[in-house]
Amino acid sequence: MWISIPFFISYVIALLGNSLLIIVILAKSSLHEPMYLFLCMLAGADIVLSTCTVPQALAIFWFHAGEISLDRCITQFFIIHCTFISESGILLVMAFDRYIAICYPLRYTAILTYTLIGKIGVTIFLRSYCTIFPIIFLLKRLTFCQNNIIPHTFCEHIGLAKYACNDIRVNIWYGLFVIITTVVLDALLIFVSYVLILHAVFHMSSQDARQKALNTCGSHVCIIFLFYGPAIFTTLTQRFGRHIPPHIHILLANVCILVPPMLNPIIYGIKTKQIREQAVHMFFPKQE
């Protein structure tokens, strides 16, 4: 029961923080810039990701609601994986946004038009949907005749497939293909974009210009570490930490899902002056 308290508090913070972020950005026309619109997409994905996982976990903690049908389990897995890959794609385009803003500032608005932003959003969704959708059929073809107890608070692909009596090598290889062509590729492209950004920044003649350019990337870099850091750590502990108790693995997996949605709006709210000022002005209109 005690572990449900941080789960509940984190979920409330994630829900309120990301909802506030979306409201502030959409309500203020001065924030209808590419960087903030991408941030709005990220906040929406955070709400979906946390809502797909935390209520189910709280139901287990509070009401011992430990039963789920196979169809519900597959649906939950599909939404979680789609949203996770979408977040990775959004972080990539946010890095691209920072690259254009710093390396081509005079062409920023000409390159990142509203039409292009809309196309990018649709592409991110279609990429995640098209890569995860075949896994539904890979799971549906399996016969589950082994242990029907999943030692986790939410459903995930291999965790579900390993209880089948069939050969799951296709599931394993396709799951690896999806990870490499989406999340790993996104992380590499983000790294390349920041190498180019740093190269451009340190070739600026003005110290103030360098400082301003680095400040504009600060929030995004924090979010990147929050998103990829726990995921990499969890993967490494699952692969090499054979002596780590199972409940630690489960807790780390939940941290990956819960911590980024909770901290993303806090980081952007604190580090981004425009969002902070607009939020204060919205709730305290008499204060400048």
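Positions of Cβ are set from backbone N, Cα and C atoms, glycine also.
Caution: TrEMBL annotation is automatic and unverified by curators.
According to TrEMBL:
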DOMAIN    17-268  domain 'G-protein coupled receptors family 1 profile'
TRANSMEM  6-27  transmembrane segment
TRANSMEM  36-62  transmembrane segment
TRANSMEM  74-96  transmembrane segment
TRANSMEM  116-139  transmembrane segment
TRANSMEM  172-201  transmembrane segment
TRANSMEM  213-236  transmembrane segment
TRANSMEM  248-268  transmembrane segment
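Between the transmembrane segment (213-236) and the listed ranges 36-62, 74-96, 116-139, the one holding the most Cβ pairs under 8 Å is 74-96. Per-residue pLDDT, averaged along the domain 'G-protein coupled receptors family 1 profile' (17-268), amounts to 89 for this model.
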